[in-house]
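Visitor: Below you'll find the structure I mean.
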Amino acid sequence: MADKEDPKNGKMGKGKSKVVCGYPLSIFFIVVNEFCERFSYYGMRAVLVLYFKYFLRWDDDLATSIYHTFVALCYLTPILGAIVADSWLGKFKTIIYLSIVYAVGQVAMAVSAIHDITDSDRDGTPDSMTFHIVLSMVGLFLIALGTGGIKPCVAAFGGDQFGEHQDRQRRTFFSVFYLCINGGSLLSTIITPVLRAQECGIYSKQKCYSLAFGVPAALMVVALVVFIIGSGMYYKAEPQGNIMLDVCKCIGVSLAYTICINTFYITAYQQWLKKLLIAQIKMVLKVLFLYIPLPMFWTLFDQKGSRWTLQATTMDGNFGALVIQPDQMQTVNPILILTLVPIMDSLIYPLIKKCGLNFTPLKRMTVGMLLAAIAFVCAALVQIQIDVSTKQLLHSSPYILSGQGFIYFKLTIKGKANSDTEIVENQAITFVGFTDYFLVYFRFVNGMKTAVNVSTAAADFGLIEPFYYSNYSQIKNGKATFTLRSGSQSCEYSTNFGFGSSYTFFIHSTLVFGSNCQDSVTAVEDIKPNSVHMALQIPQYFFITAGEVMFSVTGLEFSYSQAPSNMKAVLQAGWLFTVAIGNFIVLIVAELAKIPKQWAEYVLFASLLVAVCVIFSIMAYFYTYIDPTEIEAQFKKKINEDDEDDKSKPGKAEVEMVKRDSIKCHDEYDKATQTKM
Ligand SMILES: N[C@@H](CC(=O)O)C(=O)NCC(=O)O
C-alpha cells in the first residue's frame, strides 16, 4: 500500500490511519494493547509461584519447576506465532486469534483459583485439588500459547505502521513500546499481590487468588478490545511466506550450490546472488553460534520470580508505613529498569567512551553476565543470614516450661518459618502448614484450675480445659488483643506477632480475672518472626537489573544490528529461544544437583554463569563486527552491474533451473554418501 502524504511531516504512516504529531494514530492502539497485555502477563506471573505453594499446596521445588516450565513455554511459542503470522494468517489475525486463546487461559486461571467450587464441606479448603490443578495447567498452557505467539507479532506490527521515511518516529515508537512493557509490569506487580492478599469467597473467606488472576484476565480482554477498535486504521501486510522455512531452504540450497559449484554452469549474476545468500546465512549462523552460552544468563535472571520470591516469604516485609508482600519485591526490577536505562545511555556509556575505552556490545553483555552472577552471590549471602536466624531458634527454645511446674513441653522445630513446619512435643505431634505470608500461629496453655475461653474481636478460639492446651490457630500478623474469659469474668491480653512467627501463651494459675492479665500470661516463641529484612534483597535486584540492562538491551540491539535485512525476525526468534532454554536449565540443574542448602544452589548458579561467561568472552574475542547493510549494498552493486550485462543476465526460468539442479545435485550427493556408508 502506498504511503500517504502528510502536509507537515512529509511521508506519513501506511494504512488509513490519521497522523497525530507525525505518528500514525493506529500505533496508539498498539501501544495501549501492549501495556494491557504486559500488565496481564506480569500480574499473573507475579503471584503464580505463591498460588502453587499456598493454594495448590505444592512444595518449593515443584512450584519452582512448574513456574520455569511455564516461562520456558512462553518463550518457545514465539517461533510458532512467527510461522503462523508469516506463512498463513498475517500478523493482525494472528494477534486477534491468539489474544482470544490468551484471554480464555487467563479466565481459566481465575476460575481455577476459586476454592468454593470444590469446597463441598465448606471448610475453606478445596476438596478436589485435581480439578484446580488440571484447570490451572490448561489455563497456563493457553496463556503460554497466547503470550508467546503474539510476542514476535505485536512489535513488528507496530513497526509496519510506519512509512519508509519515518525511521526517527519508528525508533521513538520502540522506546515507548519498551517503557509500556515495564510500566504495565510495574503496575501489575504492585496491584496483583495486593489483590491476592484480600480475602474472598462464597462460603468461606480465603486469600483471593481468583481476583489476582481475574484482573489480569480482564486486562487481556481490554487489550483485545483496544486492538480491535484500531482495526480500520492499521496497515496489514500480507503474509510473505514462512521465514523460518525460508532460512532452512536457503541453507539447503546454498549447501547444494557449494557442493555443486563445479558441477553446473552458473552465470556471474547467479554467482553474486548465491554469494549474497551465503554471506547472509553466515552472518546469521555466526550470531546464532554466539547465542549458545546465553541461556545461562536467563537461567539466573528468571529465578527472581521463583526462588527469590520464595526467599522473600521468609523475610520481614515491614517498611514502616508500608508492608511489602514477598511477590511485590519483583517490582524493584521494572523500577530500576525505568531509571537505569536512561542513566546508562546518557551517563555511563558516554563516560566510558570519554575515558577512551571501547565498550563494545559483546563486552557489555559479558559484564552483564558477571553482574547477574554477583546478584546470585548476594542472594546466597542473604540466604545464609536467613538460615542462621532459623538455626538460632532451634538452639534457643528446645524446652519450654509453663512456669508453674505442672506441664513440660519439649519442642523440636524443624523447617523454616513460613514453610511447612512440624512441631513435635512430648504429648502430641501437630502438623502446621502455613497458608499465607501474613498469617501466624498461636496456641494457649491453661495453667488454671478452671476452664478458660480465648477469643479476639474477630474470632472465638474455644474453651481450654484446666491444665490443658489448645490446638494451633491462625491470626494475622501485627497487634492482637485476646479476651480470656472464665464464666462472667474476663481480662485482656495484647501482644504483637511478627511475620512468620508462632507462639505458645502460658496462662498462669495466679491469673486474676477482672484485672489486667498482661503479667499473668507468658509468651514463648515457637518460631521466631522473620528477622532478616526484605530490603536486603535490594542489592541482588540491583545487580540483576544492571545485568539485564547491559545484557538484554545490548543483546537485542546487537542481534538487530548484526542480522541481514531479510533475517532480522529469525534472530529475534532465536533470541527469545535462549530465554526458553535458560528456563529449562533451571529445571535440569535444580533437579540434578538436588542441593539441600538454598544458599549453595545460588552459589552453584553463580559459578556456572561465571564459567559460561569466560567461554562467551573467548567466543566474543574472535567475533568480527560487521555492517550487514554495507555488505549487502556491495553485493547488490555487483548484482546490478552483472544484471546490466544482458548476456550473463539469466531469465527467471534459468534461475529456477539452477536452483532445481542444485537441489537435484544435493539429493544425488546425499544418495552417493549414503551408498558409501
Ligand atoms: N524488565 C522486564 C519486565 C519485568 O521483568 O518486569 C522486560 O522489560 N521484559 C521485556 C518483555 O518483553 O517483557
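Including glycine, each Cβ sits where the backbone N, Cα and C put it.
No curator has checked TrEMBL annotations; they are predicted automatically.
Relevant sequence annotations retrieved from TrEMBL are reproduced here:
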- 20-42: transmembrane segment (TRANSMEM)
- 62-83: transmembrane segment (TRANSMEM)
- 95-117: transmembrane segment (TRANSMEM)
- 129-150: transmembrane segment (TRANSMEM)
- 171-191: transmembrane segment (TRANSMEM)
- 211-235: transmembrane segment (TRANSMEM)
- 283-301: transmembrane segment (TRANSMEM)
- 364-386: transmembrane segment (TRANSMEM)
- 572-590: transmembrane segment (TRANSMEM)
- 602-623: transmembrane segment (TRANSMEM)
Visitor: Give the one range among 20-42, 95-117, 211-235, 572-590, 602-623 whose Cβ atoms make the most pairs under 8 Å with those of the transmembrane segment (62-83).
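Guide: Answer, by Cβ pair count: 572-590.
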Visitor: Below 8 angstroms Cβ to Cβ, which residues of this chain, lying six or more residues outside the transmembrane segment (171-191), approach it?
Guide: 23, 27, 30-32, 34-43, 46, 155, 158-159, 162, 215-216, 219, 327-328, 330-331, 333-335, 337-338, 341
Visitor: Under 8 Å, at least 3 Cβ pairs, sequence separation 6 or more: does that hold for the transmembrane segment (20-42) versus the transmembrane segment (211-235)?
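Guide: Output yes: the transmembrane segment (20-42) sits against the transmembrane segment (211-235).
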Visitor: Sort out for me which stretch, of 95-117, 129-150, 283-301, has the most Cβ pairs below 8 angstroms to the transmembrane segment (211-235).
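Guide: Stretch with maximum Cβ contacts: 95-117.
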